[in-house]
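Some features that TrEMBL has for this protein:
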- 37-61: transmembrane segment (TRANSMEM)
- 93-110: transmembrane segment (TRANSMEM)
- 122-141: transmembrane segment (TRANSMEM)
- 147-167: transmembrane segment (TRANSMEM)
- 179-203: transmembrane segment (TRANSMEM)
- 223-249: transmembrane segment (TRANSMEM)
- 270-293: transmembrane segment (TRANSMEM)
- 305-326: transmembrane segment (TRANSMEM)
- 338-356: transmembrane segment (TRANSMEM)
Amino acid sequence: MPLSIIQMWNKENTRKERNSVKITSAFTKWIRTKTGYWLSLLILVGILLISILISVSVGVAGGNLNILLHTLTYKGNLSEIGKVMLEMRMPRVLAACFTGAAFALAGAVMQGITRNPLADAGLLGINAGAGFLVSLTAVFLPSISALSMMVAAFIGSIIAVLMVYGLGMGKGKSESIQLILAGSAVSALLTALSQGISLVFGLSKSLSFWTAGSLSGITWQQLIITIPWIVGAALLSQFLSSQLSILALGEESAAGLGINVKLVRLIGMAAVLIMAGASVSLVGGISFIGLIVPHSARFFVGTDYGRLLPVCALLGAILLVLADIVARTINAPFDTPVGALVSAIGVPIFLALTYQRKGAII
């Protein structure tokens, strides 16, 4: 009798799993249709707008939607909470939107040009390289402008990528595992150097907070400088979407279809460097967004980069805005580094992905 009960229970679970798979498959097929895709984009835009309104309206100083609408439409002297919303929360949430989208797009493009599903700006040393040079610049040139700081982050990203590819190239071809290991080594080295600089020169608390990934203290001036670079690189990535989709078939197939693989990779890497460098210079090193978001988007919309990239941008923006809301409220009135929250989500997913890649890393 107990055996038959167990068998019945197993059959019932199997039936439920099959039904769940069928429902998921049907939903995935629908969302990949033209109507389903555009409706999904509208839903994601709606979720993002709602998240932005919540983020601007919620905080230690208080506030609500009525005050926000009054702040946006009133032309006279603003109240204290109105100033907080306009001068602190709005730049912060816009920074979360654009950098979250940039990190996600950088990860998706990086995975496309390397054909490595574990590629990410953080895992390949870009974040660490940008953070190292920004830390070094902040020590010796403390009065440097936001634009110059972004240039320093960009140069640091280039140095890190050159180091990773120099270590990870093997006999004319960059293997997935070699790049990941090289990226881990370079990231560890540059992170250690950044920490050493912090100890020797006594970096301020704000810079240390920035290194961990934070959206605190973002100003309108910084946004005006960095957002055009992010938008330009994002448009460049979208321009490469068809080539990236073909490149996913393999280098030989892409070359046979007339794709200049080296040129596509060069332009794609430039777009990744601009997006990651600009984002890191603005909010610090926030890892794993470029890893978990493209995989989530790819599950629903497939490998067509023309559709994948817009979904990645929206999901990345939503993820970072929601993470920032939690970071501001979980330990109020103190501000929790948003990078720590994103890493807490990203590490388990990264381990699951590496486990699935049979012998890749673990």
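In case you wondered, yes, glycine gets a Cβ from its N, Cα and C as well.
It should be emphasised that the depicted structure is a prediction, and the values quoted were computed from it without experimental measurement.
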Sequence-remote partners of the transmembrane segment (147-167) [C-beta within less than 8 Å, at least six residues beyond its ends]:
121, 124-126, 128-134, 136-138, 141, 174, 178-179, 182-183, 185-187, 190, 225-226, 229, 269, 273-274, 276-278, 280-282
Seg_contact(the transmembrane segment (93-110), the transmembrane segment (270-293)) with at least 3 CB pairs under 8 angstroms, min sep 6:
yes
What residues elsewhere in the chain lie close to the transmembrane segment (223-249), defined as a C-beta under 8 angstroms and at least 6 residues from its ends?
91, 94-95, 98-99, 101-102, 105, 108-109, 112-113, 115, 146-147, 150, 257, 259, 261, 264, 267-268, 270-272, 274-275, 278-279, 281-282, 303-306, 308-310, 313
Same-chain residues near the transmembrane segment (37-61), Cβ under 8 Å, at least 6 residues beyond its ends:
31, 67-68, 80-81, 84-85, 89-90, 92-93, 96-97, 300-301, 307, 310-311, 314-315, 317-318, 321-322, 324-325, 328-329, 332-333
